[in-house]
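Participant: This is the structure I have questions about; it appears just below.
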Amino acid sequence: MARAKLPRSPSEGKAGPGDTPAGSAAPEEPHGLSPLLPTRGGGSVGSDVGQRLHVEDFSLDSSLSQVQVEFYVNENTFKERLKLFFIKNQRSSLRIRLFNFSLKLLTCLLYIVRVLLDNPDQGIGCWGCTKYNYTFNGSSSEFHWAPILWVERKMALWVIQVIVATISFLETMLLIYLSYKGNIWEQIFHVSFVLEMINTLPFIITVFWPPLRNLFIPVFLNCWLAKHALENMINDFHRAILRTQSAMFNQVLILFCTLLCLVFTGTCGIQHLERAGGNLNLLTSFYFCIVTFSTVGFGDVTPKIWPSQLLVVILICVTLVVLPLQFEELVYLWMERQKSGGNYSRHRARTEKHVVLCVSSLKIDLLMDFLNEFYAHPRLQDYYVVILCPSEMDVQVRRVLQIPLWSQRVIYLQGSALKDQDLMRAKMDNGEACFILSSRNEVDRTAADHQTILRAWAVKDFAPNCPLYVQILKPENKFHVKFADHVVCEEECKYAMLALNCICPATSTLITLLVHTSRGQEGQESPEQWQRMYGRCSGNEVYHIRMGDSKFFREYEGKSFTYAAFHAHKKYGVCLIGLKREENKSILLNPGPRHILAASDTCFYINITKEENSAFIFKQEEKQKRRGLAGQALYEGPSRLPVHSIIASMGTVAMDLQNTDCRPSQGGSGGGGGKLTLPTENGSGSRRPSIAPVLELADSSALLPCDLLSDQSEDEVTPSDDEGLSVVEYVKGYPPNSPYIGSSPTLCHLLPVKAPFCCLRLDKGCKHNSYEDAKAYGFKNKLIIVSAETAGNGLYNFIVPLRAYYRSRRELNPIVLLLDNKPDHHFLEAICCFPMVYYMEGSVDNLDSLLQCGIIYADNLVVVDKESTMSAEEDYMADAKTIVNVQTMFRLFPSLSITTELTHPSNMRFMQFRAKDSYSLALSKLEKQERENGSNLAFMFRLPFAAGRVFSISMLDTLLYQSFVKDYMITITRLLLGLDTTPGSGYLCAMKVTEDDLWIRTYGRLFQKLCSSSAEIPIGIYRTECHVFSSEPHDLRAQSQISVNMEDCEDTREAKGPWGTRAASGGGSTHGRHGGSADPVEHPLLRRKSLQWARKLSRKSSKQAGKAPMTTDWITQQRLSLYRRSERQELSELVKNRMKHLGLPTTGYEDVANLTASDVMNRVNLGYLQDEMNDHHQNTLSYVLINPPPDTRLEPNDIVYLIRSDPLAHVTSSSQSRKSSCSNKLSSCNPETRDETQL
C-alpha cells in the first residue's frame, strides 16, 4: 500500500471543511488520515495542528484516501511471462534447453535409422512415383543426381520426423519473437536459424505436398544445433549452481563437440553423396573420415564422384580453420589456469586436510622455509598446502613446485584473500589453518601491515572457525589482529632478541635453533668435534607432555620443580624448563623450588625428540657406577656418544650428593661470592669437592637470602665505586607511557622523575648538564649502541628487556640510539623515563658519528637492518651497504662486538668472507652438503651465525609455522625474550665460567650446583675456543688444528677501570658472576691443566716453526704480516686524528695493533684475524650447545644460559615477613654480590 497526494476536485474546493461531497461514504477515521500516520492529540493546539495538516495536505476524497500501487507491472504481460520462463529464469530455461538438446539428438538418431533402413537397390524416386534402379559405372566420370535427391523413408519414420520438425520450428519461431530487439534481419541470417529452417521447414512442406516425402533433407546438420544447445545448457547449469570458474571446462567441451560434429557431418555427408558413386555404408564412411582427419589417408577407401570429393576438401578446410582456433583458445585458457591455479575441489577439502598460506608475493626462500618446517613434523605429512597469492608465480617457484616431492602436496592459486570467490576456491572454510604472512621487503612496511590486517579480517569474516596464524611487522598494528589465534610481531621479537644478544651472547642463535625442527644429525659426518657436538645439540627442541602421562616426570609428582628438573636431566638428559597448571592458562618458566608438581600439570622440556618417540634402556646400578668412575678417569667428550645415548645413558654421571654446606671463600675482599665458589672440607684438600643435594621440597631458609626487591635499599648502603660520582636513585615500576597499544607491561628500572628531552641528546649539552661526549658522563659500564634508521615503536622493545626489574642496577649498560632520522616527541616521551638511555642523530657509515656516540667505550654495537634498503632491484643485494659498513667498523674497532641484522640469511656468508681461507671454504662445502641432505639448518655452521653475531628476522618465520603443532612456542619465546612477564615465571640470563669455577668439572655437576643453591635451570652453553688453522687448501680432515681455551691466550693485564684497555669484568649479566681470582695454589688441578694447555700450544708452535723453512712462501707471509701491521697503524692514526678533530679525548682508544685473544673472540664475526695474532694463523670460533649431556666438560670462558626464577613470585604471600627477614640479612650479605645468585 502507498499513499499519493491527489489534486483537489472542483467540488471539493467549493465545499466547506466540514462538508462531505454527495455520494461519498463517511470516512472510517477522523480527518481521513491513514492509520500509518501517528495520531496527534493532547490539547487544542495539537488538534488545530492536526486539522491544519489535514486541510492543507490530506484533503482527499474518502474513497481515494488510500491507493494501492503495483510494482513491476511490465512483467505481467504475456510476452514477459514467456520470456521469464524461456530465457530469464535459470532453472526453467535450463529445462527448456535440455529438452531442445534432446530433440536435436533425436533427429540425428532418426537420420541414422533412416540410413540403415534405406536400400538403393529397391529403386529410387519420389513418393508415389515409379521407381527405377541405378548402377554406378566406375570407368565413367558421369553420375546421376537422382540417388542424391531421393531417399526411401518409411511412413512411421516420416510421421515422427514431421512431428519433431514441427515442434522445433514452433520453438524456434517463439524464441525469435521473444528475443527480438528491433533488427529482424540479424536474427534471420543467424547460422542457427538458417540450419533450423533447412532441417524443419521441408518436413512441414511434405505434409501439404506428398510427392516430396522422399526428398533428401540433411537432418544430420542438427548435430551443430545440438552442440549449440549443449553450450547454452552448460552455461545455464553453471549459472544455476553459481559456478563462475568454468571457462576451461566449457572450452574443452566445445573442442570435443566440434571434433565430434565434424566427424559426424563428414560421415553422413560422404555416405549420402556416395549413393551415386561407390555406395558406402556408415561404418566405411566413418572409417574414411577418421583416417583422413588423423592422417593423410591410406587410399583403401576413396570417394568416387566429385561432389563427395568436394565435400572432403571443404571439411578439411573447415577443420584446418576451426580446430586451430579452438586449440588456441584452449591453450590460452590452460596457461591462464596454470597461472591462477584452478580450484581446490570441495570433495578433496572434505576428505583431506589442508592449510592455506596467504602472502602478498611468494619468494623461493619464504616458500622453502615454510615447506621444510611444516613438513618436518611426521603427523603433517598427509596435509596439503594451498597457496593463495595475488601475484603470478615466478619461475623459481614454478620450478620448485614441479618437483614430485612438492607437486603432490602444494597447490598454487592466484587470487586475493579479499575476494570471497578466491577464498571459496581455496576452500578456506574447510581449512585446518590459515597462515597470513606480511611482505617484509616492501619499502612501506606500514602499508604491508595494512594489507595483512585486511586479509585477516576477510578470512575471519569468511571462515570464522578457521584458526588464524598472522605475521605482523609493526607492533602498533598488532592489536588490529588480536582476534587471531597466534600472532608474531616481527619488530617486537627482533629488537628484544638483539637486546638480549648484548647481555646473553648468541641469544639469537639459541632461539633460532630452538624454533627450527631438526633431528640433530647435522655435522655428524664432520671430522671436527665442535661441529659434531654443535650439530647434535642443535636438534634439541621444546616439547610438552602431561605430567601424569610422562615417564620422564611422573615419578616426581609431589616434588619441587627444581628437584624434578635436576633429576630428570641427570637420569634422562631432558631439561625441564617450565610448566602450566591445569586451571591456569599461563605458562611459567622455572617457577622455582616452592612450586610442587601435580599430575595434571603440563610440563615443557627441551630434548632431542619428544618422549613419545623415545626408548628407555634401564641398566643396573653397578654398571652405571663403574661407567661413572670410568668417565671421571678418562674424558672422551660428548661427541663420542651416539644421538640416542643422550636419552638412554644419562644416568652415568657420578655426582657426590653429600649433605654439605656451600660456603663462599673467605679469601680476598672482593670475594668469590658471585661465582661458583670452591667449598672447603675442614681444611683437607684430599677429598673431591662436593655439592649439596637438591631438596625434594624447598627449604625457605636456604633460598635466596635477599630478593631483588631489596635492590633499592642495597643501593642506599652501597658506597659508590667512584667517590667523585653521586649515587643516582632509581625506582621500580611500570613505564608510564607505552608507545603503542598492546605492549605488555613490564616492571622496569625507572627514573624517579622523567628526564627532559634535551637531556636525552648524547652529543649536545643543555641547561641541565654540559656533557657532549660519552667520556664526560663517566659511565661505569660499557655502552650498548644501536644503529637504526628511524626510532620506530619496535625500538622500545630493545630498551625494556635491558631495563627489566630483575636486572641488577649495577649491571645496567648505557644505551645509545644512533638514528639516521630525528625521533619524534611521541617516542621520546616513551623512553624518557628509563635511566641511561640517550639518542644521537648520525649514520653507522659515518666515522664521526660513531666516535661521537662513544663507540670506543662500547662493548656491543647492534646494526639494525634499514627499512629503506630492504628491497633492491637485484635479489639479495639489499644487504650490500650493511655488510660493507660492518666490515669497515671491524677494521677500525677490532675489539668491538657487533651484532648485525641482515635481510637475507644467505648473505651471512659474506660476514666472514675470506677468499683464500681454506677453513671458510671447507665450511661452505659443509653447508652445501647439509643443504643437499635436506637440513633446515644448513646455515648453522657459518661462524658468524654460530657465534650469534649475525641475525635475520626471516629465521624466526618458523616460529609461526611451528605453532601449528606447538601452540605454546610463541608464548615460551616471548617469555625467554622478556617481551611478556607472567607473575611467577622466570627469565633468561647468563653466567660466565672462569678458571676458578672449573672445580665443578662437568655440566651435570653445574646443573646440580645451580639447582641446589639458587634454583636456577641451565639450558645451554655458549662456548668460545681458540683454533689454529692451516692456510693450505685442504679439506677439514686434513686441517691441522688444536683447540685451547681463551684463557691460555689472554693477556694477564690488570683492569684499568671502566675506560681502561681491558676491564676485569665486562658489562652486563654475562660477566656479573666472577669477581677477583682466588689463589692458584689452592687449585693444583687448574695449574696442571693450564700447564698442559701451554705445553700443547708450545709444542704445536715449535712443530710448525720447524716445518717452515726459509722458502718463498714463508717470506711472502712475513711481508704480508708487515703490510697488515702497517695498515693497522694507519687505521689507528686515522681514528685518533678524527677524535682530535672532533675534540674527543683519545685516552680511551685502544690501539688496533695491540690485539689480545679477547679481541679475537669478539671479532669472530668478520674474520680479519689471519696473521694478526702470530704467524700460526690463530683464530677463534664460538658456538651454542643447547642442553648438552651431563658429562660435558666445562671450559673457561663458557657462558651458561640460565632460566632464573622470578624474584617476585612469592612476595604477595608473605611480604611482611620477607621484608623483615631481608632487612635483618642486609648486614650479613656482601654488598657487591647481593644482586647475583649466591652459589
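Glycine is no exception: its Cβ is also placed from the backbone N, Cα and C atoms.
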Participant: Going by what Swiss-Prot says, which of ASN137, ASN584, ASN933 is noted as N-linked glycosylation site?
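Facilitator: Going through ASN137, ASN584, ASN933 one by one, Swiss-Prot flags ASN137 as N-linked glycosylation site.
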Participant: Kindly tell me whether the record in Swiss-Prot places VAL151 on the same side of the membrane as THR973.
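Facilitator: In Swiss-Prot, VAL151 is across the membrane from THR973.
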Participant: Based on the annotations in Swiss-Prot, which residue of ASN133, ASN607, ASN1154 is described as N-linked glycosylation site?
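Facilitator: Record lookup in Swiss-Prot returns N-linked glycosylation site for ASN133.
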Participant: Could you tell me which of the ranges 216-233, 486-503, 828-845 is annotated in Swiss-Prot as transmembrane segment?
Facilitator: 216-233
Participant: Can you identify, from 193-208, 849-864, the stretch that Swiss-Prot calls transmembrane segment?
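Facilitator: Going through 193-208, 849-864 one by one, Swiss-Prot flags 193-208 as transmembrane segment.
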Participant: Does DSSP put ASN540 (Na(+) 1 binding site) in a helix, in a strand, or in coil?
Facilitator: coil
Participant: Considering only the binding-site residues LEU513, LYS764, SER787, LEU818, which fall within 10 Å of CYS758 (Zn(2+) binding site) when distances are taken between Cα atoms?
Facilitator: LYS764
Participant: What does DSSP assign LEU818 (K(+) 2 binding site), in three states?
Facilitator: strand
Participant: Cβ within 8 Å of the Zn(2+) site centroid (CYS758, CYS759, CYS766, HIS768 excluded): which residues?
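Facilitator: Filtered neighbour residues, in order: ALA755, PRO756, PHE757, LEU760, ARG761, GLY765, LYS767, ASN769.
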Participant: Using CB atoms and a 10 A radius, I'd like the single residue among the binding-site residues GLY778, GLY842 with the highest neighbour count.
Facilitator: GLY842
Participant: Out of 193-208, 216-233, 247-274, what stretch is closest in contact terms to the transmembrane segment (94-126), meaning most Cβ pairs under 8 angstroms?
Facilitator: 216-233
Participant: Of all the binding-site residues here, ASP820, ASP865, which one's CB has the most other CB atoms within 10 A?
Facilitator: ASP865
Participant: Taking the binding-site residues one at a time (LEU513, CYS758, CYS766), which has its Cβ surrounded by the most other Cβ atoms within 10 Å?
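Facilitator: Answer returned by the neighbour count: LEU513.
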Participant: Within the topological domain 'Extracellular' (209-215), count helix residues (DSSP H, G, I), strand residues (E, B) and coil residues, in that order.
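Facilitator: With helix first, then strand, then coil, the topological domain 'Extracellular' (209-215) has 5 helix, 1 strand, 1 coil.
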Participant: Taking the Cα atoms as reference points, how far is GLY842 (K(+) 2 binding site) from PHE779 (Na(+) 2 binding site) in Å?
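Facilitator: Taking the Cα atoms only, GLY842 (K(+) 2 binding site) lies 21 Å from PHE779 (Na(+) 2 binding site).
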